[in-house]
Amino acid sequence: MDSDEGYNYEFDDEEEEEEEEEECSVDSGEEEAVDDSLELGEVELLDPAVAGGEPDDCADTGGGGPGPGQEDEDYRFEVLTTEQILQHMVECIRDVNEVIQNPATITRILLSHFNWDKEKLMERYFDGNLDKLFSECHVINPSKKPKTRPMSTRSSSQDLPCQICYLNYPNSYFTGLECGHKFCMQCWGDYLTTKIIEEGMGQTISCPAHNCDILVDDNTVMRLITDSKVKLKYQHLITNSFVECNRLLKWCPAPDCHHVVKVQYPDAKPVRCKCGRQFCFNCGENWHDPVKCKWLRKWIKKCDDDSETSNWIAANTKECPKCHVTIEKDGGCNHMVCRNQNCKAEFCWVCLGPWEPHGSAWYNCNRYNEDDAKAARDAQERSRAALQRYLFYCNRYMNHMQSLRFEHKLYAQVKQKMEEMQQHNMSWIEVQFLKKAVDVLCQCRSTLMFTYVFAFYLKKNNQSIIFENNQADLENATEVLSGYLERDISQDSLQDIKQKVQDKYRYCESRRRVLLQHVHEGYEKDLWEYIED
């Protein structure tokens, strides 16, 4: 395929030193020999709004801690833009190409096939079976590219039909891959745009010919697509593959944020993006200390499955005493027949006992003392008790989540109060206690919210009682602090406000620290036992 002037990996020994200072990219499928230097020709195509939301100066290249109020300040990370991720990709491709000496876009496809694991690629590359390797990666071996057949005088001078749209075009309007299948430029552009925009495909776009699995290289894509938005989307798809395969990289989960967080080692630790979103690097959810990722994932799934219907189920259904399928009573008759095709049990709605002993007295159930009916009712009660337990923790979890949303709005109110205080002979530094108090309040709300997830899966023991006492103490102090900031801030004198708020937020900080330290100590000493849901 002809090379492109744009999104291109150029290799040139004479310009190696100059190229090292320029931005780099991912390239073509050129047949020329590959040298040492690597250049990204179209980094300028990346719109900051798409690439990362901010220009390069927004990247936290010096690393960072988890943010205010968090305990682990040794977990280093940096926030990267899409341009910087692209440069990391180019460096990875350059490292491999120093050894295998292939066109850069071919190397990119090989690396993608091995999930960007350079060691695995090298091992396979030198195991002596290159033909099999390139076949598995769906590319033509660059050292064995088929010779291009010369066009006859007749075919080169006459219009030819495209095998997709069947319109006639001059031969110069056709292009294709090393597999030899050629189509018109318009069909190529439409095909690639559909694959990228509608199907979300980037690294696995194959030749449009029937039963041809040869992959389209980056240079071909960037040459044949004219819409800059489609090019940006393609670049994002390629970089997404690189990020998803790298255990040290994670996309920021905030909507419309295209930053990537890079860490020195993967762990369930808090990281903060430049957009302000703080999340757990391990699972990508909002930072959720003290509950572990495993239990939070189970909780989120349970809430998604249960929260909207649990109240209705509790009030309107019972379980089949045989197969435990949930059954709704749709008539006045108490003679129930389970509609589970593998069950078909007949039972009494009132006592949940077998229907057969009821005889003709279906309207006047007298089986309450039967052992089998009692066992069925016991099972039903256990199910209801489990549901009530879930609702207990879910309601408190959701309540703290809602309070946290409201208290984020306190910042505007507090800012206004801080300005008023500065007009009453208080310095800017002296009024910072109010912002600090709101910070602590939000941290405590977040911690309390996740303590209910932790408690839901926690088995009762002596340590769990201590945990619940710490939880209750922190919850009470948090509510008092919330009251100070929402009501007393506009009523009390300035000195009274300052003393009350400072004392309470320091106490909240202390109790939050005690609670988290106790939970972490339990993790270290294996003190916690869990209820498998």
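Note that Cβ sites are derived from N, Cα and C of the backbone, with glycine treated the same way.
As given in Swiss-Prot:
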{"type": "ACT_SITE", "residues": "Cys333", "note": "active site"}
{"type": "BINDING", "residues": "Cys162, Cys165, Cys184, Cys187", "note": "Zn(2+) 1 binding site"}
{"type": "BINDING", "residues": "Cys179, His181, Cys207, Cys212", "note": "Zn(2+) 2 binding site"}
{"type": "BINDING", "residues": "Cys252, Cys257, Cys273, Cys275", "note": "Zn(2+) 3 binding site"}
{"type": "BINDING", "residues": "Cys280, Cys283, His288, Cys293", "note": "Zn(2+) 4 binding site"}
{"type": "BINDING", "residues": "Cys348, Cys351, His358, Cys365", "note": "Zn(2+) 6 binding site"}
{"type": "REGION", "residues": "158-369", "note": "region 'TRIAD supradomain'"}
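Fewest Cβ neighbours within 10 Å among the binding-site residues Cys257, Cys280, Cys283, Cys293: that distinction goes to Cys293. Note on the region 'TRIAD supradomain' (158-369): its mean pLDDT in the predicted model is 85. The separation of Cys187 (Zn(2+) 1 binding site) from Cys212 (Zn(2+) 2 binding site), Cα to Cα, is 16 Å. Within the same chain, residues at least six positions away from Cys273 (Zn(2+) 3 binding site) with a Cβ under 8 Å of its Cβ are Val79, Cys252, Ala254, Cys257, His259, Val261, Phe279. In terms of Cα spacing, the binding-site residues Cys162, Cys165, Cys179, Cys187, Cys280, Cys283 all stay beyond 10 Å of Cys351 (Zn(2+) 6 binding site). Between the CA atoms of Cys348 (Zn(2+) 6 binding site) and Cys293 (Zn(2+) 4 binding site) there is a gap of 43 Å, rounded to the nearest whole number. Taking each of the binding-site residues His181, His288 in turn and counting other Cβ atoms within 10 Å of its Cβ gives the largest count for His288. Straight-line distance linking the Cα atoms of Cys293 (Zn(2+) 4 binding site) and Cys275 (Zn(2+) 3 binding site), rounded to a whole number, equals 23 Å. Cβ neighbours within 10 Å of Cys351 (Zn(2+) 6 binding site), excluding its own Cβ and spanning all shown chains: 21.
Cα separation, Cys333 (active site) to Cys179 (Zn(2+) 2 binding site), rounded: 72 Å.
Counting only the Cα atoms, the space from Cys280 (Zn(2+) 4 binding site) to Cys207 (Zn(2+) 2 binding site) is about 40 angstrom. Taking Cys162, Cys165, Cys179, Cys184 as the binding-site residues under consideration, the smallest Cα distance to Cys283 (Zn(2+) 4 binding site) is found for Cys179.
Around Cys179 (Zn(2+) 2 binding site), the same-chain residues six or more apart in sequence whose CB sits under 8 Å from its CB are Ile140, Cys207, Ala209, Cys212, Ile214, listed in sequence order. Listed in sequence order, Cys162, Ile164, Cys165, Pro208 are the same-chain residues six or more apart from Cys187 (Zn(2+) 1 binding site) with CB atoms under 8 A from its CB.
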